[in-house]
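Colleague: According to TrEMBL, the protein carries these features:
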- HIS43: active site, proton acceptor (ACT_SITE)
- GLU70: active site, proton acceptor (ACT_SITE)
- HIS194: active site, proton donor (ACT_SITE)
- ASN7, ARG18, GLY195, GLY216, HIS217: 3-amino-2-oxopropyl phosphate binding site (BINDING)
- ASP9, HIS10, ARG45, HIS50, THR100: 1-deoxy-D-xylulose 5-phosphate binding site (BINDING)
- GLU151: site 'Transition state stabilizer' (SITE)
Amino acid sequence: MLRLGVNIDHVATIRNARGTPWPDPLRAARIAEDAGADGITAHLREDRRHISDADIDALMANLTLPLNLEMAATAEMQAIALRHRPHAVCIVPEKREERTTEGGLDVAGNEAMLARFIAPLRDAGSRVSLFVGHDPAQIRAAARIGAAVVELHTGAYCDLDTEGRHADRDAELAGLTHGAALADSLGLEVHAGHGLTFGTVGPIAAIPQVKELNIGHFLIAESVFTGLGEAIREMRRKMDEARAR
Ligand SMILES: CC(=O)[C@@H](O)[C@H](O)COP(=O)(O)O
Ligand SMILES: NCC(=O)COP(=O)(O)O
């Protein structure tokens with residue numbers, strides 16, 4: 001079955017806007033579990049613009065769903081991940097000046113460093129995922145260094161859809177489709193995420209090799225109007241409909 005990981009980063013964005021204890025990301029995670037999420041994703045950024053260290057502590061101490069900790073490849077984050085030993089760690093590129101994750105991890109250009117970086121995480125029992133574009137060179141490098149998972153960056157596909165550039169969007173979707181097949185053929189588990197909405201999730205969910213989608217920002221946005229539980233249940237319906245076609 002296609003799994004849904006709910007990213008709760010932007011519950012923390014709303015909280016941090018006023019420095020209040022609410023909304024509580026842990027409460028959102030519990031609602032997500034009740035609504036049928038298969039996992040929780042949280043991105044502990046170097047600048048802590050949303051998820052904090054205390055959030056990760058609380059999630060690890062109280063969550064029953066598996067936690068997918070997203071983080072940059074830094075010594076600080078590696079130490080945090082080794083302390084918590086979450087179900088999964090997803091290595092993402094980070095730049096402080098970026099509004100959101102802009103591209104995929106350059107695995108091919110940092111192969112030796114990343115191989116050294118992920119080894120202790122894997123040995124500690126965390127499933128290691130690399131957040132990459134669909135470039136075959138990046139996918140092959142991920143397999144070479146022993147990652148268990150690649151998460152394909154769907155941001156460009158989503159942005160092209162929003163911009164109405166449908167031919168370019170469809171070309172990006174073809175790249176993601178080929179990348180998923182290549183990753184699967186190399187023994188990598190295939191995930192996908194970034195920017196997915198009710199309107200864009202279908203073709204990604206329909207890619208047969210994709211085992212998990214990580215979705216956050218749109219669900220939190222939608223929850224403002226329908227509630228988080230209903231937003232998650234509707235996203236799951238869209239995913240299941242697409243997979244059933
Ligand atoms: C890696 C990814 O696509 C998401 O986790 C995204 O990074 C959410 O965090 P931001 O919205 O802060 O980029
Ligand atoms: N890795 C993608 C993720 O966790 C959620 O991304 P978004 O839906 O918040 O853009």
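Quick reminder: no glycine exception, Cβ is built from N, Cα and C everywhere.
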Colleague: Where among the recorded positions ARG18, HIS43, HIS50, HIS194 do you find the Cβ with the fewest other Cβ atoms within 10 Å?
Modeller: ARG18
Colleague: From the Cα of GLU70 (active site, proton acceptor) across to the Cα of HIS43 (active site, proton acceptor), what is the distance in angstrom?
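Modeller: If we compare the Cα positions of HIS43 (active site, proton acceptor) and GLU70 (active site, proton acceptor), the gap is 4 Å.
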Colleague: Assuming the binding residues for 3-amino-2-oxopropyl phosphate are exactly those in the record, ASN7, ARG18, GLY195, GLY216, HIS217, what is the maximum CA-CA distance in angstrom, rounded?
Modeller: 25
Colleague: Calculate the distance in Å between the alpha carbons (Cα) of GLU70 (active site, proton acceptor) and the residue listed as 'active site, proton donor', and round it to a whole number.
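Modeller: Counting only the Cα atoms, the answer is 12 Å.
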Colleague: Once near-sequence residues are set aside, which residues in the chain of HIS217 (3-amino-2-oxopropyl phosphate binding site), 6 or more away, have Cβ atoms under 8 Å from its Cβ?
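Modeller: Listed in sequence order, they are ASN7, ASP9, HIS10, THR100, GLY195.
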Colleague: Which of GLY195, GLY216 has the fewest nearby Cβ atoms, counting only those within 10 Å, among these binding-site residues?
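Modeller: With the binding-site residues GLY195, GLY216, fewest surrounding Cβ atoms within 10 Å: GLY195.
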Colleague: What other residues of this chain sit with their CB within 8 A of the center of the CB atoms of ASP9, HIS10, ARG45, HIS50, THR100, the recorded 1-deoxy-D-xylulose 5-phosphate site?
Modeller: ASN7, ALA12, THR13, HIS43, ARG49, ILE51, GLY216, HIS217
Colleague: Using CB atoms and a 10 A radius, I'd like the single residue among the recorded positions ASP9, GLU70 with the highest neighbour count.
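Modeller: That would be GLU70, with the most Cβ atoms nearby.
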